[in-house]
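Here TrEMBL flags 6-27, 51-70, 90-108, 129-151, 163-184, 191-209, 239-259, 271-296, 333-358, 379-400, 406-428, 435-451 as transmembrane segment.
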Amino acid sequence: MAIHVEGLIAIILFYLLILFVGIWAAWKNKNSGMAAGTDRSETIMVGGRDIGLFVGGFTMTATWVGGGYINGTAEYVYLPGFGLAWAQAPFGYALSLIVGGMFFAKPMRSRGYVTMLDPFQQIYGKRMGGLLFIPALMGEIFWSAAILSALGATLSVIVDMNINTSVIVSALIAIFYTLVGGLYSVAYTDVVQLFCIFLGLWVSVPFALSNPAVSDIGVTAYKYIHQEPWLGSINSSDIYMWLDNFFLLMLGGIPWQVYFQRVLSASSATYAQVLSFLAAFGCLVMAVPSVLIGAIGASTDWNQTSYGPVQPKMKEESDMILPIVLQHLCPSYISFFGLGAVSAAVMSSADSSILSASSMFARNIYQLAFRQTASDREIVWVMRITIFVFGAVATAMALLTGTVYGLWYLSSDLVYVIIFPQLLSVLFVKGTNTYGSVAGYIFGLLLRISGGEPYLKLPPFIYYPGWTEQIKEHPLTGAVEHIIVQKFPFKTISMLSSFLANVAFSYLFKYLFESGSLAPKYDFFDAVLTKHSKENMDKTTLVNSDNIVLSELAPVKPRHSITVAAGFVNKEALSDEDTSPNSSNNEHD
């Protein structure tokens with residue numbers, strides 16, 4: 001089948017629009033923060049901390065409303081045996097934004113952090129911050145790779161465009177405008193992209209609904225017509241697995257740099273909360289057309305369409321149900337609108353993830369862990385290089401790796417079971433320290449891996465209660481695969497175990513060192529006895545909100561980050577230490 005010239009032209013025009021908006025946003029805000037003395041690197045990471053409600057609401061909504069969100073929602077609504085009951089992403093991520101806004105946005109924004117890893121390095125030290133960077137980086141890179149892969153497949157379905165070419169071009173455009181404008185370009189392009197998603201999908205829905213091959217979705221919601229009802233149901237034996245996945249979305253959706261990058265760029269702590277609530281509403285609204293498209297797919301007699309008699313699920317193309325509906329149930333010119341929506345969704349997620357990963361590396365790894373004296377210009381160049389490197393890695397994975405979705409699922413689980421309990425501890429549990437953090441990390445990692453990962457063909461070595469073995473046979477090739485399904489909520493149990501281990505070991509080592517049961521020389525992390533090192537800044541100042549003099553309604557005062565201590569808003573707590581003649585003796589690696 002030849003390339004659809006009209007579709008190709010539509011995609012080129014859309015990409016040129018996105019590129020223009022990204023470059024315009026960079027030019028418009030090129031001097032933002034400079035007058036107040038804010039570092040250029042910080043401006044790239046969090047803007048000038050002046051993102052307003054309109055742009056902020058759109059860009060925070062686009063944080064989650066990406067290619068995986070709209071494609072995945074449609075897929076689960078379509079899948080027989082799952083349906084709307086298992087399409088948890090819209091409600092899970094909406095609640096994630098509400099919980100994040102209620103409990104996490106305010107303390108993070110009011111303390112003036114620049115990245116999500118800042119509080120970890122402030123309390124647990126630079127080594128632990130580097131360790132926590134690993135699952136955070138994996139999540140961002142694998143997510144970018146997964147959605148770029150989905151975009152390539154979508155373009156191949158509708159435009160019949162070469163997958164490799166479409167992935168590379170899409171990634172290059174996202175990388176370019178992110179390189180040029182940082183968060184400003186990402187935020188402003190998110191406004192355009194979110195509008196394109198909404199318009200493109202809603203334009204497509206009426207045409208798909210009116211196709212003669214589609215039965216009344218109000219009837220197929222409850223009755224078996226072409227397949228099982230698309231509303232779906234939850235069996236009593238699956239309720240714990242359903243809850244496990246739901247908590248993973250709701251709580252595991254919080255500790256992501258893409259979310260906190262928006263929180264920290266808000267003009268005040270209160271605005272950060274309001275943006276989270278607006279984005280929660282936006283997530284629900286943006287899911288509606290995807291749900292309808294999934295329902296349409298489940299209500300279609302595919303034998304009456306150009307797709308052919310074999311249903312998408314029989315070809316194992318359920319994950320492509322959205323572009324398939326656009327291609328085979330809508331006029332070609334309408335399907336191009338939908339394709340623009342999918343492209344917009346992918347780019348709105350890919351640029352955010354790439355910027356988030358490079359921000360954490362440049363600040364928390366390069367600057368605060370290795371080069372505390374790095375100049376602002378140096379940090380900017382490190383960011384630019386890593387934006388390109390991480391973008392290239394995600395693109396290569398999208399093109400070369402067949403298990404990219406398995407890697408994404410595993411990494412998102414690790415964010416839930418490792419980073420979320422650490423974030424909970426560092427913000428709300430006053431006495432936690434590096435020893436507890438290490439213990440929590442190990443507990444969470446081992447318990448999560450112990451449950452296995454079917455997408456990566458990683459077998460479990462702990463068979464939790466209620467596990468079953470499913471035999472999956474490929475409908476076309478006949479290949480048989482044995483899959484272990486863990487119905488026990490082991491991911492949430494792993495997260496809780498990680499949190500409890502952090503608290504328990506923190507207080508245990510605190511008691512052992514302060515009581516003299518362990519000699520001071522064994523305080524290898526300088527986490528208990530060395531309370532005034534620059535590596536472990538005063539913990540009381542961090543967790544006691546009474547000591548925060550920042551007005552919630554005013555922007556954070558800009559800072560020039562030179563040392564680890566100076567990289568955080570609480571450097572006033574170190575004023576006595578910095579002026580003492582022995583301060584140089586308190587430096588720790």
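Every residue, even glycine, has its Cβ placed from backbone N, Cα and C.
Only sequence-distant pairs (6 or more apart) were considered; of these, fewer than three Cβ pairs between the transmembrane segment (163-184) and the transmembrane segment (239-259) are under 8 A, so the stretches are not in contact. At the 8 Å Cβ threshold, with sequence separation of at least 6, the transmembrane segment (406-428) comes into contact with the transmembrane segment (239-259) through 3 or more pairs. Between the transmembrane segment (129-151) and the transmembrane segment (6-27), the number of CB pairs under 8 angstroms, six or more residues apart, is fewer than three, so the stretches are not in contact.
Remote same-chain residues near the transmembrane segment (191-209) are listed as 14, 17-18, 21, 54-55, 58-59, 61-62, 65, 70, 217, 282, 285-286, 289-290, 292-293, 296, 325-326, 329-331, 334-335, 337-345, 347-348 (criterion: CB distance under 8 Å, separation of at least six residues from the stretch ends).
Sequence-distant contacts of the transmembrane segment (239-259) (same chain, at least 6 residues past either end, Cβ-Cβ under 8 Å): 60, 63-64, 86, 88-89, 91-93, 95-97, 99-100, 104, 115-117, 136, 139-140, 352-353, 356-357, 359-360, 412-413, 415-416, 419-420, 422-423, 466, 485-492, 495. Long-range contacts of the transmembrane segment (271-296) within the same chain, counting only residues at least 6 positions beyond its ends with a Cβ under 8 Å from a Cβ of the stretch, are 51-53, 56-58, 60-61, 63-65, 69-71, 73-78, 84, 87, 89-91, 93-98, 100-102, 105-106, 108-109, 194, 197-198, 201-202, 204-205, 208-209, 214, 217, 220-221, 230, 262-264, 321-322, 325-326, 329.
Outside the transmembrane segment (90-108), and at least 6 residues removed from its termini, the chain residues within Cβ reach (under 8 Å) are 60, 64, 69, 73, 116, 119, 245-246, 248-254, 259-260, 263-264, 266, 269-270, 272-277, 279-281, 283-284, 287, 291, 423, 427, 545, 552.
Counting same-chain residues at least six beyond the ends of the transmembrane segment (51-70), those with a Cβ under 8 angstroms from any Cβ of the stretch are 89-90, 93, 96-97, 143, 146-147, 150-151, 154, 183, 186-188, 190-191, 193-194, 197, 201, 253, 256, 258-259, 262, 265-267, 271, 274-276, 278-279, 282-283, 286-287, 289-290, 322, 341-342, 345-346, 348-350, 352, 408.
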